[in-house]
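Reviewing the structure listed below.
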Amino acid sequence: MSTLAADERPRPTAPAPAAPERPPARRRPGSRLALRNTLIGWSFILPNFLGFAVLTLVPVVTLFYVSFTDWNVFGVATWVGLDNVTRLVGDASFHRALLNTLYYAGVHIPLTLAASLGLALLLNRKMRGVAFFRTVAFFPYITSVVAIAVVWNMLFSPEFGPINQLLRAIGLADPPGWTTSSTWAMPAIILVSVWREMGYYMLLLLAGLQTVPAQLYEAARMDGANAWQRFLNVTLPGLRPTMFFVTVMLTIQSFKVFDLILVMTNGGPGQSTLVLSQYIFQKGFVENQFGYASTISVALFLLCISITVVQFLVNMRRDA
Amino acid sequence: MATLDTASPAAAPVPATIADDPRPPRPDAQRLTVGRALGYLVMLVAAAAILLPFVWMVISSLKTNNQVFTVPVQWIPDPVVWQNYLDIWSRSQMTTWLKNTLILSVAVTSLQVITGSFAAYGFSKVRFKGRDALFLLYIGTIAVPWQSYMIPQFIMLSELGLSNTLWAIIALQTFSAFGVFLMKQFFETVPEELSEAARIDGLSEYGIWRRIMMPLSVPAIASLTLLTFVNTWNDYLGPLIYLRSPELWTIQIGLKTFISQYNAEHALIMTGSVLSVLPIAIVFLLGQRYFVQGIATTGLKG
């Protein structure tokens, strides 16, 4: 993706006119300059990089090692080879967590995309007060998960909660039990997460809408295209790079979903909302099975990476 | 109130301008008014629906406990009970939680801004071999969920003796790829001529970072500060895993424990929730244009 690639502008670092590349003839001074620049560059990067390497890179690499061990609380690691993988393949709870994660992602991603695109289109207009509505739509995203989860749990309360009161008022005699029902707990969580995240993706899409050239709309209008046709043939194609970025981010977010579920249902009732991240947490930090928890982590890691790679490949093919 | 349509000076994956639609108004004025009224109606309904949970939270915090769940819903508390806002301080460790959260948020934010912008200068203004590959490594980890490496990270920090200390959270939150990415995006919009002139005047690279880049980057620093602050304040998982002693708990952990302890005290729980959201709401309303710029510049949040 072009936006993530490093900027390739020539950036002279010595008091010399901007030359695209150093001439190969002057080898000695060039390499000394290169060494100096390397030292200076690393001295800037090092304070952050040390922390980044120790806290992110090392754990990611260690993860694969730990996943092949039986690592207990006392820090004694025993190599068990593929035992953990065999166990994972036959683990019914893991299957459940994987399916629930896919369920969550499969419903959450399209719903959030639709909701945030709808909001972005609605709020991308010249009207007084639009900025206020953008603020409102974004607000749920910056509030803490705990507060959000607890208030929605109360709203979803089956007997006296406002949501079921409303459903009864419009004639639904037997409204769902939401977080107390194994069928409805996941829809309840998805509803809350869409509500929470749509404002954030709306901001990204709004920024993307600004990149669609106004002349294209003019031209389409001259050709007699109606609003729907303009949306299909101008807005959507123009929005594609943003849509791609949003989908990638949204997918990663969905596969690692955790804290909202942990506070709202704690995976329940039963295992009806147990997701991969939570299963890792449970095996690792509740049952102290670090080795096996790491094996589940590797599964989550590979899932996220492969889906991201597939998305990039599909996007490249469509660009070609 | 400040508005969300601001033009970001930063080079962005998507241009950060959330300005209004540049299309000229339709000639058909009649249709325009109807459309406009309809637009407002839809926006009002949407805004009300989005804000409703927060409204419910605030009104419930002002009720007595058995007024919270009534049929039908009582939308205006009668009487208005301020007592909850006094009781919560004595019935919970709210002061400790807020203090810890504030310490963490301030420490993480300052370290993140300093090390992040420092590294960003190396990535954007100094040219050396391997730089771009290193930067890709940073960016690549954004696709790796923290949940997948939290176990080895925990093992490691425990070995270092940092588990159950505030240092663990500081270490966890400070060195994010996000801060480096945001500052780099901004630094690259600053014209190279400025640094050139400074070099000719004899300023070192460190001097340029401190005297030229940082003063010019106030908007980007503001974005990074606010996003990091809010992120650290709201973090639930990090403190959940690392902070076991109650005297180290942050507001999120404290609130969650409080909820499980007093699960029938609905009004008091809502009071705690309001108090945990309030500082963030204030920070957000004061600096919302920086939030929007930060997100539009990077496409990420923390």
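Glycine is treated like the rest: Cβ placed from N, Cα and C.
Heads up, TrEMBL stuff is auto-annotated, nobody curated it.
Taken from TrEMBL, the feature region 'Disordered' applies to A:1-29.
Residues or ranges marked as compositional bias 'Basic and acidic residues' by TrEMBL: A:1-11.
Look at TrEMBL and you will find A:12-22 tagged as compositional bias 'Pro residues'.
Long-range contacts of the transmembrane segment (A:39-66) within the same chain: residues 13, 77, 290-291, 294, 297-298, 301, each at least 6 residues beyond the stretch ends and with a Cβ under 8 Å from a Cβ of the stretch. The transmembrane segment feature in TrEMBL is assigned to A:39-66 (among others).
Under 8 Å from some Cβ of the transmembrane segment (A:102-123) lie the Cβ atoms of residues 130, 133-134, 137, 186-187, 189-190, 193-194, 197-202, 204-206, 208-209, 231, 235, 243, 246-247, 250-251, 254-255, 257, 275, all in the same chain and six or more residues away from its ends. Summarising the annotation, TrEMBL assigns transmembrane segment to A:102-123 (among others).
Feature annotation from TrEMBL assigns transmembrane segment to A:135-156 (among others).
For the transmembrane segment (A:290-314), same-chain residues at least 6 beyond its ends with a Cβ under 8 Å from one of its own Cβ atoms are 1, 60, 63-64, 66-73, 77, 80, 84-85, 87-88, 94, 97-98, 244, 247-248, 251-252, 255-256, 276-277, 279-281, 283-284. The annotation transmembrane segment is assigned in TrEMBL to A:290-314 (among others).
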